[in-house]
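Q: Got these off Swiss-Prot a minute ago, pasting:
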| type | residues | note |
| --- | --- | --- |
| TOPO_DOM | 1-138 | topological domain 'Cytoplasmic' |
| TRANSMEM | 139-156 | transmembrane segment |
| TOPO_DOM | 157-193 | topological domain 'Periplasmic' |
| TRANSMEM | 194-216 | transmembrane segment |
| TOPO_DOM | 217-511 | topological domain 'Cytoplasmic' |
| TRANSMEM | 512-534 | transmembrane segment |
| TOPO_DOM | 535-567 | topological domain 'Periplasmic' |
| TRANSMEM | 568-590 | transmembrane segment |
| TOPO_DOM | 591-602 | topological domain 'Cytoplasmic' |
| TRANSMEM | 603-625 | transmembrane segment |
| TOPO_DOM | 626-679 | topological domain 'Periplasmic' |
| TRANSMEM | 680-702 | transmembrane segment |
| TOPO_DOM | 703-847 | topological domain 'Cytoplasmic' |
Amino acid sequence: MNKTTEYIDALLLSEREKAALPKTDIRAVHQALDAEHRTYSREDDSPQGSVKARLEHAWPDSLAKGQLIKDDEGRDQLQAMPKATRSSMFPDPWRTNPVGRFWDRLRGRDVTPRYVSRLTKEEQASEQKWRTVGTIRRYILLILTLAQTVVATWYMKTILPYQGWALINPMDMVGQDIWVSFMQLLPYMLQTGILILFAVLFCWVSAGFWTALMGFLQLLIGRDKYSISASTVGDEPLNPEHRTALIMPICNEDVSRVFAGLRATWESVKATGNAAHFDVYILSDSYNPDICVAEQKAWMELIAEVQGEGQIFYRRRRRRMKRKSGNIDDFCRRWGNQYSYMVVLDADSVMSGECLSGLVRLMEANPNAGIIQSSPKASGMDTLYARCQQFATRVYGPLFTAGLHFWQLGESHYWGHNAIIRVKPFIEHCALAPLPGEGSFAGSILSHDFVEAALMRRAGWGVWIAYDLPGSYEELPPNLLDELKRDRRWCHGNLMNFRLFLVKGMHPVHRAVFLTGVMSYLSAPLWFMFLALSTALQVVHALTEPQYFLQPRQLFPVWPQWRPELAIALFASTMVLLFLPKLLSIMLIWCKGTKEYGGFWRVTLSLLLEVLFSVLLAPVRMLFHTVFVVSAFLGWEVVWNSPQRDDDSTPWGEAFMRHGSQLLLGLVWAVGMAWLDLRFLFWLAPIVFSLILSPFVSVISSRSTVGLRTKRWKLFLIPEEYSPPQVLVDTDKYLEMNRRRILDDGFMHAVFNPSLNALATAMATARHRASKVLEIARDRHVEQALNETPEKLNRDRRLVLLSDPVTMARLHYRVWNAPERYSSWVNHYQSLVLNPQALQGRTSSAR
């Protein structure tokens, strides 16, 4: 069998069609496949003529009429996106300095923002009621939180051992020895720091407690006068004039999972009969060449299998500006004005057609809503860690989400995905300028979702949480270390966002959102400092002689005190604030039925195990978050390169590398406290022993085998596992199917496989006009690539080749026409483990 015969056999043609092709040489095959009989001055350009034929034979059901077009040079191009109709989307510069704004106002240079006159008087009057109610509620929350914090802080002050606060007079210490003065002041300085940190942390815990409590009451009553979901009955026909884009920004994601969830979502939309109102946009920022090719292939298969021609689009950006927010902005500039709304999906998002249609109905019923955020439920993971987190978010999450809605109403959160956005105001007001200055807190905004919600609200549009709308799902990280990688990004992003706290026009609620975003991570170093100061105070108490007399003519000594009964009472009160929301959550399930959670005893046992698990993980997260916060402030780059693994489990080596310092700190802390005062070790035991056990908990909780065992025992069971919704059943089915036909080593297949090469050539975006300089550059790229082994061809050079239709055609021709000359490429390709199902194309995979 010669090379030409081998090439013909690799084509997805019938035996009769293969027999009709010439067997003389590769060029003749491409000329025979070219229905237009084009001639090329260069022999290695001949594959460009057969692109259309190779595509049509490989994916006959994926190509809509008119989707294959000609570029300016007459080359076949697969039009993966609709025609762009550009909109202007530009950001207002951030004015973060109130002093500078005041000075500009004095000089008559104050700039009136674009958002000032958005609402008419009639619109303001129609919304005044819920805004007034929201303001009153938030004042009540503030009073409750501060009152509770003041009482607890005063109580904390009374149980500290050194009570000579009133006797300290700095003037009396002027003439005495510096060391004596320092030793007199040291316990009180430590206690002052402890009190300040306690007040801040208790206030943070108190706010969460009142949020969960109000959420519990909302869900228990079952009626919410101000719920945005109450504005529709749920079966109104959608307005055909208002079309919705489902956009999914992705970047080097699991291709099988992305397209499985997307297919299940789209089929659910079709089942509602509302598919004509929606289009899908896959917006790729992937820069791994193998994943890029796999995405293109998966897109073609998806279109064929759901008949999505002309409604499901794919685009890969060559210039990845501003990450996810820049990807969404690019969509809005090019295609946004073709749609009234857009729903942003994450790579792991799954949404039912009823949920998506419901979000559109809510938008149409509330013309002043800018963003409506659904409440996604976590599901789909099998590791012990993920199942425990799924259970926690499913049981406790509804309380906190309903509580957030109770306090915030139409001035709420946006979490960046599983939400519907009104496109026009988003384009006009939500473009993000880079933060001014230099350093780690300047430049492109990382956590864009909170900022976009704040800008939407600043422009007068409502931001709502539809906390009671079912059908929205997501996945959680499979293990602790993967969650911490995500937290590292979120930590930096939330710290950056706090620079916008004083920006002009921001609503007070969204200033509070910026503050709570910071506290989500800043609370970790504050808690660590609180523990460190408490330990230092115990060291001072144990190793130094107390200063009984703090004034020169003091008549009675000040005795250090230890009142364990009061300390236990305060500790118990704090634990109530921390754990009562969990108890309220389980009580709500007890009231409404425990069957979907495994029954009364199993859900109760699951709750107790989750509490134990959260106690073990809290100190570990505290130390990691402390490192993230300190690194962000110091401008350090936290490098976190995990080894490649075949499943979600954490290897023992990586666990000890990540948690080794925590284990050592826990051991030193425990031994030191046991030597000083065994009673104090009792108070620190949940902290230090959690740190000592951290590597073991991290590894064991990452195992799918352990998680699946708890699933068989019906522990950590959630309703989505007990009675899976159809959209999740379909996601699992399509995920299994996609993994059977997964395409690995996509770039090499795009060079060698005729069908995938035609797809890569047709979808390449670097379509320049012909020029001598360009031809020289193309020849250089191709020659340099082929003269090296494929293993030495780095990612960036592969991307350059993949982006140019001419270079891909020439690579394809040369490796097939002269396999002896390019034996390193041929041998490497033949050494790959090929998945036959991945190379069968639409003609076989659809059967």
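Keep in mind that glycine also has a Cβ here, set from the backbone N, Cα and C atoms.
Keep in mind the model is a prediction, meaning the values are calculated, not measured.
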Q: Between the transmembrane segment (680-702) and the stretches 139-156, 194-216, 512-534, 568-590, 603-625, work out which stretch tops the count of Cβ pairs under 8 Å.
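A: It is 603-625, which has the most Cβ pairs under 8 Å.
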Q: Report, as numbers and ranges, which residues of the same chain sit near the transmembrane segment (568-590): CB under 8 Å and 6 or more residues beyond its ends.
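A: Non-local partners: 152, 155-156, 159, 202, 205-206, 208-209, 212-213, 216, 219-220, 395-396, 398-400, 597, 600, 603-604, 607, 610-611, 683.
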Q: Do any residues, 6 or more residues outside the transmembrane segment (512-534), come within under 8 Å Cβ-to-Cβ of it, and if so which ones?
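A: Sequence-distant neighbours of the transmembrane segment (512-534): 190, 193-194, 197-198, 200-201, 204, 207, 413, 447, 450, 453-454, 487, 490-491, 494-495, 497-498, 500-501, 621-626, 628-630, 684, 687.
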Q: Mind checking which residues of the chain, 6+ beyond the ends of the topological domain 'Cytoplasmic' (591-602), have their Cβ under 8 Å from one of its Cβ atoms?
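A: Cβ under 8 Å, 6 or more out: 220, 395, 713-715, 717-719, 722-723.
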Q: What does DSSP give as the helix, strand and coil breakdown of the topological domain 'Cytoplasmic' (703-847)?
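A: So the topological domain 'Cytoplasmic' (703-847) is made up of 101 helix, 0 strand, 44 coil.
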Q: Roughly where does the topological domain 'Cytoplasmic' (217-511) sit in mean pLDDT, to the nearest integer?
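A: Reported value for the topological domain 'Cytoplasmic' (217-511) is a mean pLDDT of 92.
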Q: Looking only at the topological domain 'Cytoplasmic' (1-138), what are its DSSP counts of helix, strand and coil residues?
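A: Here the numbers are 64 helix, 6 strand, 68 coil.
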Q: Using DSSP, what's the helix, strand and coil tally for the topological domain 'Cytoplasmic' (591-602)?
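A: Its residues divide into 8 helix, 0 strand, 4 coil.
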